[in-house]
Amino acid sequence: MSSFQIYRAALLLSILATANAQQVGTYTTETHPSLTWQTCTSDGSCTTNDGEVVIDANWRWVHSTSSATNCYTGNEWDTSICTDDVTCAANCALDGATYEATYGVTTSGSELRLNFVTQGSSKNIGSRLYLMSDDSNYELFKLLGQEFTFDVDVSNLPCGLNGALYFVAMDADGGTSEYSGNKAGAKYGTGYCDSQCPRDLKFINGEANCDGWEPSSNNVNTGVGDHGSCCAEMDVWEANSISNAFTAHPCDSVSQTMCDGDSCGGTYSASGDRYSGTCDPDGCDYNPYRLGNTDFYGPGLTVDTNSPFTVVTQFITDDGTSSGTLTEIKRLYVQNGEVIANGASTYSSVNGSSITSAFCESEKTLFGDENVFDKHGGLEGMGEAMAKGMVLVLSLWDDYAADMLWLDSDYPVNSSASTPGVARGTCSTDSGVPATVEAESPNAYVTYSNIKFGPIGSTYSSGSSSGSGSSSSSSSTTTKATSTTLKTTSTTSSGSSSTSAAQAYGQCGGQGWTGPTTCVSGYTCTYENAYYSQCL
């Protein structure tokens with residue numbers, strides 16, 4: 001993805017504290033908001049999990065361990081406390097969060113709402129949260145051979161904003177077991193990393209990032225340090241009401257690593273060093289609008305962003321198992337009871353509607369993009385990180401590096417919009433300036449709800465209903481619906497299915513498969529490999 005810089009304007013006592021971090025403060029008790037989500041099985045039954053979310057350490061007050069004196073104010077460190085990276089980590093503490101009042105974060109049952117601007121005793125901009133398995137560990141998702149489904153409402157996200165849901169290869173405990181300088185851990189949202197190898201993090205690997213710190217020239221709250229935090233990133237969803245993309249970003253290592261200076265590459269390094277790091281900062285992306293399908297996604301279009309909808313992402317392996325090699329990433333939607341196939345590319349040289357190795361190579365060639373995706377392992381490398389387990393990130397942000405034009409406008413701005421790959425959405429090239437977006441759209445927000453995870457074909461047919469009611473028990477189950485309306489971008493067919501027919505895009509065959517082997521009306525059971533056939 002492009003730069004992930006979720007910025008905020010001055011928190012009363014401190015701003016944008018650590019992201020892999022030091023000691024624990026005692027001024028505010030940390031209480032994680034609850035969030036239910038479901039795991040599903042191949043027969044369509046789903047079990048509700050009583051989870052919780054934690055805000056990233058970058059949003060927290062960080063202060064001296066011996067007082068309420070800020071370690072970091074504005075976009076500068078207090079050099080009397082933070083004389084070097086190691087000393088700073090020992091001298092500074094993260095404190096608890098007040099989620100709704102300070103950050104505009106609320107939950108209700110399975111629904112998480114993130115407000116863009118929250119005006120409390122100070123002004124907060126955006127947020128980044130992680131799903132937890134317990135009070136001290138992040139939930140790890142192993143995506144291979146599975147599908148991940150959620151409902152989203154982007155109707156209140158204008159040009160320049162990004163409601164992003166994605167996975168990164170963070171440590172489950174936030175780094176406490178590996179780095180003795182990190183006492184806060186996942187409970188306080190530490191350990192962040194992504195494919196941009198972000199250098200705006202205040203703490204990495206249990207040490208501060210104050211050495212070589214340079215305050216930002218266009219943001220009063222941020223800066224760049226000598227170190228960055230790198231790891232593989234699977235952007236399942238980056239979107240506003242105008243455009244969306246899903247993108248795979250592999251890295252050379254399946255685990256988080258620390259990098260130095262401009263050799264980190266990515267958004268935070270000098271332009272000539274963008275591709276000098278160990279990760280792919282561009283990734284292999286699928287944006288229907290960028291691929292010429294300009295009538296698929298947006299207000300009043302096939303996927304109508306005026307209303308909530310369900311996003312389904314499938315991670316297909318060569319043998320249909322969770323231990324196979326990643327070969328394809330598929331997308332479909334459910335809205336108003338209709339299953340909607342992903343908007344296909346309109347370019348003859350870039351075929352299909354999913355991410356495959358062939359798609360990535362042909363897209364890079366057509367758009368003239370440097371193919372660093374293959375350099376860092378391609379889909380197979382992305383799959384290796386998935387096999388290890390990845391942490392779910394839920395966020396809302398604006399973009400001080402590129403005004404989000406890479407998502408929803410013409411980018412680069414000095415290229416003709418008629419050049420393949422330049423047009424990414426209908427937003428003006430003058431849009432997305434953070435100061436303008438924050439002033440004109442302070443009430444923007446995104447909601448994520450009804451998160452489900454399970455074998456391919458197990459989640460979405462029961463996940464299209466709206467609502468966020470809380471389950472009474474972590475062991476309660478819901479049963480997959482047995483009828484739906486089916487829709488592609490060119491053809492619509494309706495009819496009831498039964499337990500003897502697989503749903504649209506569901507599994508319908510393969511070695512060891514015991515479910516239905518026929519498809520609902522309008523769909524054909526299509527052979528993918530010896531272990532997997534799908535209704536297409």
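Start at 1 and count along the chain as shown; that gives each residue its number.
Keep in mind that glycine also has a Cβ here, set from the backbone N, Cα and C atoms.
According to Swiss-Prot, the active site, nucleophile annotation covers Glu233.
Of all Cβ atoms in the shown protein chains, 26 besides its own fall within 10 Å of the Cβ of Glu238 (active site, proton donor). Taken from Swiss-Prot, the feature active site, proton donor applies to Glu238.
Taken from Swiss-Prot, the feature disulfide bond covers Cys508-Cys525 (among others). Secondary structure at Cys525 (disulfide bond), taken from DSSP and collapsed to helix, strand or coil, is strand. Cβ environment of Cys525 (disulfide bond): Ala502, Cys508, Gly509, Thr517, Thr518, Cys519, Ser533, Gln534, Cys535 lie under 8 Å away, each six or more residues apart in the same chain.
Other Cβ atoms within 10 Å of the Cβ of Cys519 (disulfide bond) number 23 in total over all chains. Swiss-Prot lists Cys519-Cys535 (among others) with the feature disulfide bond, giving similarity to another entry as the kind of evidence.
Swiss-Prot lists 500-536 with the feature domain 'CBM1'.
In the three-state DSSP assignment, the secondary structure recorded for Asn351 (N-linked glycosylation site) is coil. The Cβ of Asn351 (N-linked glycosylation site) lies under 8 Å from the Cβ of Ser345, Ala358, Phe359, Ser362, each of these being in the same chain and 6 or more residues away along the sequence. Swiss-Prot lists Asn351 (among others) with the feature N-linked glycosylation site, giving sequence analysis as the kind of evidence.
Following the DSSP three-state reduction, the secondary structure of Asn414 (N-linked glycosylation site) is coil. Residues near Asn414 (N-linked glycosylation site) in space but far in sequence (CB under 8 A, at least 6 apart, same chain): none are found. Annotation source Swiss-Prot lists N-linked glycosylation site at Asn414 (among others).
Taken together, the residues in the region 'Catalytic' (22-458) have a mean pLDDT of 96 on the 0 to 100 scale. The region 'Catalytic' feature in Swiss-Prot is assigned to 22-458.
The annotation region 'Ser/Thr-rich linker' is assigned in Swiss-Prot to 459-500.
Residues annotated as region 'Disordered' in Swiss-Prot: 464-499.
Swiss-Prot lists 1-21 with the feature signal peptide, giving sequence analysis as the kind of evidence.
In the three-state DSSP scheme, Glu233 (active site, nucleophile) falls into the strand class.
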